Amino acid sequence: MFRGKENALNPNWLHLPVGYHGRASSVVISGTDIRRPNGQTCPDETKPPVFSNCKLLDIELEMAFFIGSQGNKQGEPIPMDQADDYIFGLVIMNDWSARDIQKWEYVPLGPFNA
């Protein structure tokens with residue numbers, strides 16, 4: 001965390017905003033084409049970062065659960081023994097990550113970007 005005045009900021013601090021760009025609207029139905037994401041990467045650490053399309057797209061299989069009409073308050077957990085009362089349905093999802101973009105962005109914010 002404390003890096004000294006000559007190296008106080010990580011290199012990407014001067015090129016990236018402090019925030020993560022994510023959208024719920026990127027959840028789409030089966031058969032919908034997706035666009036390969038664009039972003040900053042730093043393939044050569046001796047040169048400034050570049051803006052380009054993702055070259056390391058990682059697709060992961062995941063399960064997602066939908067909570068039905070009996071919701072819970074934000075931040076309030078659902079007890080495991082009552083999960084059946086809350087779950088409306090589940091789906092299999094493909095989650096993708098732009099690993100080369102993530103590698104460059106990951107530095108200042110850690111898991112917040114992941």
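Note: Cβ is positioned from N, Cα and C throughout, glycine not excepted.
The annotation in TrEMBL ties Glu60, Glu62 to Ca(2+), and of the candidates under consideration, Asp95, Asp100, the one tied to the same site is Asp95. Taking the C-alpha positions, the distance from Tyr106 (substrate binding site) to Asp95 (Ca(2+) binding site) comes to 18 Å. The Cβ of Tyr106 (substrate binding site) has 15 other Cβ atoms within 10 Å, all protein chains considered.
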